[in-house]
């Protein structure tokens, strides 16, 4: 049975969130192809995972037989997150830009699932080749050639972690200029914002269907 791991990290509900509305469109397209499929959903804003701490990190470098009860409990929670990632046929992540980078809740999840010797740092990681679709929404534009190109720390960071470290196949959907409707200084950019929104939703449906068909193959 096909499995989609879906993560959202926006502070806002779907009605006010560009990333959530696009991930919802992707998920619906995927579920339409897999009505009996499994979706593992984590709302990292409503139910954040713990930040990686000394206890949990040290457990990863300690032989299971030598772990303290506290280490064992902490690592069990981490292992659940890792296994969700490993068992997914595709991963969908809503990653809005906050202060030029990803939400801290998403960073916490990444720190939990990047485990050297298991998901990273090995030739044949269980997640190698798994498609990861990232909805990287942002209020302005940080595209190549724009004045703020150098402030783009979402796509570059996630590519380094998911593609370079974990070996996943990363694909971005980028709704941009999402603040155009609420920022008077950006009013002239509203048509571009609407075009970007429409393209993001179109891409989400197309890629959601493609991900579902790939999982079924």
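Think of each number as a place in line: the chain as shown, counted from 1.
Glycine residues also receive a Cβ, built from the backbone N, Cα and C atoms like all the rest.
Unlike curated records, TrEMBL annotations are generated automatically.
Sequence-distant contacts (6 or more apart, same chain, Cβ under 8 Å) of residue 99 (FMN binding site) do not exist in this structure. Per TrEMBL, the feature FMN binding site maps to 10, 17, 18, 19, 97, 98, 99, 100, 137, 138, 139, 140.
If you look up TrEMBL, you'll see 3-170 marked as domain 'Flavodoxin-like fold'.
Following the DSSP three-state reduction, the secondary structure of residue 18 (FMN binding site) is helix. Neighbour counts were taken as the number of other C-beta atoms within 10 angstroms of each residue's C-beta; across the binding-site residues 18, 97, the minimum falls on 97. Overall, the recorded FMN-binding residues 10, 17, 18, 19, 97, 98, 99, 100, 137, 138, 139, 140 cover a maximum inter-Cα distance of 17 Å.
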